[in-house]
Amino acid sequence: MAQAKTTSKTFKLNTGAEIPAIGLGTWQSKPGEVEKAVEAALRAGYRHIDTAFAYGNEKEVGEGIRASGVPREEIFLTTKLDNPWHKRAPEALKRSLENLGVDYLDLYLMHWPSSTDPDDLKKHYPDWDFVDTWREMQKLMETGKIRSLGVSNFGIKNLERLLNDPSCKIVPAVNQIELHPGNPSPKLVAYCAQKGIHCSGYSPLGSSDSPLYKNETIASIAKAKNRSAQQVLLLWGVKKGWSVLPKSVNPERVKANFDLDGWDLSDEEIAKIDAIPDRFKVCGDAWLPIKVFFGDDE
């Protein structure tokens, strides 16, 4: 039996749209570097690019898309509503579309369940939260400028609150969360699957100087496959059922992260990675005016 190509694999969202299994993440990618990374990724075959208003690099992402020569309709493009813009979703969407130089998004996410006061980033609005934001984001679907709508950094507690609110008419298509063997979040992933919400994994390598690169289980599997630790971590995520968003601005590494065809991980190898006991998070919530992670993902 011919092996399925991981690089052309997609997951079907509850909107019917297909999200490519491998995307390029652009968090902490500096303007000037990110344009070249996006161009290199698209030329290497990536068809999924993830950015956010908060990253401050949407314009460069748009430039990289245009420089690649890949038609817009072949690309799955995601950006995110920034926390201090929760009361101004229509304006935020307009600004992101202008920055990117596109007339629609494949996916628009609420970046965090924190409606931060733009006049004081240490404060949360007293009269507004993510349920209100979602109510307003749903209206944006009527503009025809968004194909799918989703959330990011939502744990079970906040998803329950959102989904059970009478104003919630659209179930998020995606929950983009930190996912790697050090933060596998099995309860949260299972909860999302049960609700028809696709999980997309950011920091799938566990960040740039990841402890996972030195992990003996990962290293031994990588050696046996003649692959890098990064490639093993990415294929593990796709095999677990989520899309992965590795970030790099190095064109060679961008290409290497996409080299996932022609080899596989066995069920036994996946189980070994699943059993890695060490836990760590790349992105916490201490910088936000409210707590959004409640340890309910395991």
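A Cβ is built for glycine as well, from the same backbone N, Cα and C atoms used for every other residue.
Just so you know, TrEMBL annotations are computer predictions that nobody has curated.
Taken verbatim from TrEMBL:
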type: ACT_SITE; residues: Y55; note: active site, proton donor
type: BINDING; residues: H111; note: substrate binding site
type: DOMAIN; residues: 22-276; note: domain 'NADP-dependent oxidoreductase'
type: SITE; residues: K80; note: site 'Lowers pKa of active site Tyr'
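What TrEMBL annotates, mapped onto the structure for a quick look.
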residue : record                               : Cβ neighbours (10 Å)
Y55     : active site, proton donor            : 22
K80     : site 'Lowers pKa of active site Tyr' : 27
H111    : substrate binding site               : 20
Mean predicted confidence [pLDDT] for the domain 'NADP-dependent oxidoreductase' (22-276): 97
Nearest-integer angstrom distance between the alpha carbons (Cα) of Y55 (active site, proton donor) and K80 (site 'Lowers pKa of active site Tyr'): 9
Alpha-carbon spacing, K80 (site 'Lowers pKa of active site Tyr') to the residue listed as 'substrate binding site', which is rounded to whole Å: 5
